[in-house]
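Asker: Below is one structure. I have some questions about it.
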């Protein structure tokens, strides 16, 4: 059984996936649509509706006027639990404005999954409410933003810190994969940081179960059948070659590729592949030497990156092997490093240019395939 529904347009066939030019055009279209989610200019156009306010007040939450993010049918605000003044974030989804396939399939799947999650490196959900037209998700508030912003504010993420953060991400991935849940949208923007700069995996909008209980006899006994996916979700910059080629894929190993991209960004402060030209990107992904690794990272972390960004799916390491890689056990040379975690001040673009590190642009939403 495969997941054959495209989030963006269920009426489009998959022929366009073979044409990188069309893929790139679709991606640009989707980025323009999704860019509103993080646009500071658009946030002022939104106000909290009375329906959401009243529902949250009944739960004992007072809404902060500051928007964290906003889009065409969803917005995120801070709120305060009145009993103890603790900060939370609330995601408000207007189902009347959302695409029908999102409302009927993807949103119920996300809600079903996030209700079951309980891990220190996954954003905790406190309440889920559904009114006549809104879905409200009250969740843990991550005060230090996302990982990409953090990396862009530093000239170079120390490998010792990267190791600690990436271990936390791997713990979260192992937790969901062990439960046969895949994320399918792992990227730096979906890795939030709390006040201690601990990783918090967020945004399960494209998540799904990786197995399907299938009947094996007339006594209602079942066997878990692995599911290959055909929903091409996530961001092209973090997408494995099998995704970009339009092939059915193992969603857990797609998560591994995306996590490998995150690790590369942690170590080198740049994207592993240039996603401005999808055809050239695929060539770089599958060509030996297409991924450039410099001595800024230790030989152990370079080896781990290569095992995760392995274009041959059957040779790509699952999360169980990733966690056992020698890099996690190696004592990093801490000369010119500190074991303490730095809380950077904002670095100017000029400072990044002088250091050879450039600002990494956010990848907004999934690519569109037309």
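Cβ from N, Cα, C; glycine included.
Pasting the relevant annotations from TrEMBL:
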BINDING   91  ATP binding site
COMPBIAS  33-46  compositional bias 'Polar residues'
COMPBIAS  338-349  compositional bias 'Polar residues'
DOMAIN    62-328  domain 'Protein kinase'
REGION    18-46  region 'Disordered'
REGION    338-370  region 'Disordered'
Asker: Compile a sequence-ordered list of residues in the same chain as residue 91 (ATP binding site), six or more apart from it, whose Cβ lies below 8 A from its Cβ; state 'none' when nothing qualifies.
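Answerer: When sequence neighbours closer than 6 are ignored, residue 91 (ATP binding site) has 74, 75, 76, 136, 137, 139 within Cβ distance under 8 Å.
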Asker: Could you give the mean pLDDT over the domain 'Protein kinase' (62-328), rounded to a whole number?
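Answerer: Summarising the domain 'Protein kinase' (62-328) by its mean pLDDT gives 92.
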